[in-house]
Amino acid sequence: MFVLAAYFLVPVGRMAEIPYPRLSIWLLAILALILISVIDFRLRIIPDELNVFIAVLAAANLFALFVEGGFGAIKEGLYNSPFGAHAAVTGSFLGPSGMLLWPIDNLWLNFIFGAAFGGVFFGAIYYLSRGRAMGFGDVKFAFAAGLLLGFPDMVVATMIAFITGAIFGLFLIAIRRKKSMKDSLPFGPFIALGIITTVFFGYDLVNGYFRFFNWLF
């Protein structure tokens, strides 16, 4: 069922322009993200094996991007896509608007910064809250996810995760399934949701964000 759903979602957004074998890597990643979400929601744990699997997929994705860069991107026609040469070379799902958030087009730096952002940002929350806000499994998951998604895409995914997490938490309080904001709420599913949303709709979200502010000011 998950594979069938992923098959129909492939034509959406930037996924429609990812060449093989990187498309296969991302389909496996999405299935892993769904599995992480289900396990964390039910058991309040993110298995280390799945975090390692995400990291392995990230390494494979980085290698595929390195091979596709330059000649590979031209061959696949990605330089003529709406996402532009920057996205074709760096693997960003945000398109040209992503350059306003992060103008550096160095492939290695983008993914190193993505992993560093995920690990440091979520690690700081874990440390400052003494593990009450989220578990260390979330920190490891965010690190692996940042390595998979890169920078600044991981920033967008994190924003989506916190916004949707806050909305869901308030909804549970409203229907009295949660007594307060201090009650435990697994955050892994929201990180996964942020990643998947960024992959499929990140370009439209960031582009719409900048268009809104251009119209506003």
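Numbers here mean position along the shown chain, with the first residue as 1.
For all residues, glycine too, the Cβ spot is worked out from N, Cα and C.
Copied over from TrEMBL, here are the features:
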type	residues	note
DOMAIN	28-170	domain 'Prepilin type IV endopeptidase peptidase'
TRANSMEM	25-43	transmembrane segment
TRANSMEM	50-71	transmembrane segment
TRANSMEM	83-102	transmembrane segment
TRANSMEM	109-129	transmembrane segment
TRANSMEM	141-173	transmembrane segment
TRANSMEM	185-203	transmembrane segment
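Taking pairs at least six residues apart, the transmembrane segment (185-203) and the transmembrane segment (25-43) share three or more Cβ pairs below 8 Å and count as touching.
Remote same-chain partners of the transmembrane segment (141-173), defined as residues 6 or more beyond its termini with a Cβ less than 8 Å from a stretch Cβ, comprise 29, 36, 46, 51-52, 54-55, 57-59, 61-62, 90-94, 98, 101-102, 109-111, 113-119, 121-122, 179-181, 185, 187-188, 190-191, 193-195, 197-199, 202, 205-206. Mean model confidence for the domain 'Prepilin type IV endopeptidase peptidase' (28-170) is a pLDDT of 84.
Mapped onto DSSP classes, the domain 'Prepilin type IV endopeptidase peptidase' (28-170) shows 113 helix, 0 strand, 30 coil.
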